[in-house]
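According to TrEMBL, the protein carries these features:
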| type | residues | note |
| --- | --- | --- |
| DOMAIN | 141-402 | domain 'SAM-dependent MTase RsmB/NOP-type' |
| BINDING | Asp255, Asp282, Asp300 | S-adenosyl-L-methionine binding site |
| ACT_SITE | Cys353 | active site, nucleophile |
Amino acid sequence: MKLHRNLVFATIDSLHLIFNEKKQADKVLKDTLKRDKRWGSRDRSFIAETTYDIVRWKRLYAEIAEVKEPFDRPNLFRLFTVWAILNGIRLPDWPQFEGTPTRRIKGRFDELSKTRKIRESIPDWLDELGESELGKKWDTELHALNALADVVLRVNTLKATVQDVQNALSDAEIETETIKGYPSALKLKERANVFTTQAFKDGWFEVQDASSQKVAEMLDPKPGMRVVDACAGAGGKSLHLASLMENKGQVVALDIYDNKLTELKRRARRNGAHNIETRHIDSTKVIKKLIGKADKVLIDAPCSGLGVLRRNPDTKWKLNPDFLKSVQKTQRDILESYSRMVKPGGQLLYATCSILPSENEKQLAYFLNSEAGKEFSLLKEERISPAKSGFDGFYMALLQKQ
Ligand SMILES: C[S@@+](CC[C@H](N)C(=O)[O-])C[C@H]1O[C@@H](n2cnc3c(N)ncnc32)[C@H](O)[C@@H]1O
């Protein structure tokens, strides 16, 4: 692979914004990729994949390069150099790469890789937490969470069949395959930008990991029901619920952030999902009005996001113990308060994209022992292990109200 100056500089600029200015990686890349209209898909992939790689391996690379945050420009180049050497890429004759200690980099990589928290590039506190919560399993889960995520699509059955989407993408030279056990999922055989395809613009599919597709399926909403998606965000699950309900009945999508609901409405229009009503939670009244009114309630709770590190590697560097504590309190509050929206005989599904029992099983046990939880019993639960499934880490528990 030949390194091109403007692509490497764009990568370095992105890393500066992510590491030093603490900007969100996906937003930074979205802006960076708009910078030059002449960049083709390979150029864009180089910038995005290299940036994500260096974010993912920040600790390992920084220790190999012996550099500390905040990273000045020469140090960002040192991180890039480590990435290039470890990926077997020949360095061009640029001043930034003069005197690169190739053998030392490889030697330090071998030496430092003996220590898990450096090899897997994770902060000390998070490594200790993972081990204390998951024991021996942490080793394999952590390793799996550093792999590159597949691109998985969910076919919008309101508009197309799996075969329709496969054919349309194949015409655009994007090959896909079905995934056993996931009826609406298609996996890309090779990474590609699917957002520019006509099928996407026409709302035939959404990009949604296979594990995430299990959530709405486990809730199993029926046409005609009233289903509340209590933490709807930009609506990944709301759209899936609407399609499982064949546009009949009502999906009430709630969130505390109105801008996310605005995005949800835009996506719903593209998807032809007409039975979604958004409501911004701007006071407790919004929940009160829905008490005892829902056949099914989905709580796709805010969480650490530890199950989706492959997709959002910068979460490793953004998470901190205080945030974790506060999000766990939010999870308990939400379960207690939002469970009241379920009507007698209805169902509640609690889900997170975390693999930590303290956000999952333990929250559920706490809820079931609380006053609000006494009316509920556990029907089934599922933990999706990134190591075993190859997809995102998720937890979901389905509860029945008496
Ligand atoms: C895991 S994300 C939801 C993802 C979304 N369901 C999807 O499938 O695309 C959790 C959401 O909970 C929202 N949230 C945080 N605190 C909340 C609260 N107290 N009540 C409702 N939603 C909340 C966040 O804004 C975020 O959109």
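Heads up, the Cβ atoms here are built off N, Cα and C, so glycines get one too.
This view paints the features noted in TrEMBL onto the structure.
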residue : record                               : Cβ contacts under 8 Å, 6 or more apart
Asp255  : S-adenosyl-L-methionine binding site : Cys231, Ala232, Gly233, Leu261, Leu264, Thr278, His280, Ile281
Asp282  : S-adenosyl-L-methionine binding site : Ile256, Asp258
Asp300  : S-adenosyl-L-methionine binding site : Val215, Asp229, Ala230, Cys231, Ala232, Gly233, Lys237, Ala351, Thr352
Cys353  : active site, nucleophile             : Ser211, Ser212, Cys303, Gly305, Leu306, Gly307, Val308, Asp392, Gly393, Phe394
Open item on the list: Based on a Cβ-to-ligand 1 distance below 6 Å, what subset of the binding-site residues Asp255, Asp282, Asp300 would you report?
Closed with: Asp255, Asp300
Task: Max CA-CA distance, Å, over listed S-adenosyl-L-methionine-binding residues Asp255, Asp282, Asp300 - done: 19
- [ ] Using DSSP with the three-state reduction, classify Asp255 (S-adenosyl-L-methionine binding site) as helix, strand or coil.
- [x] strand
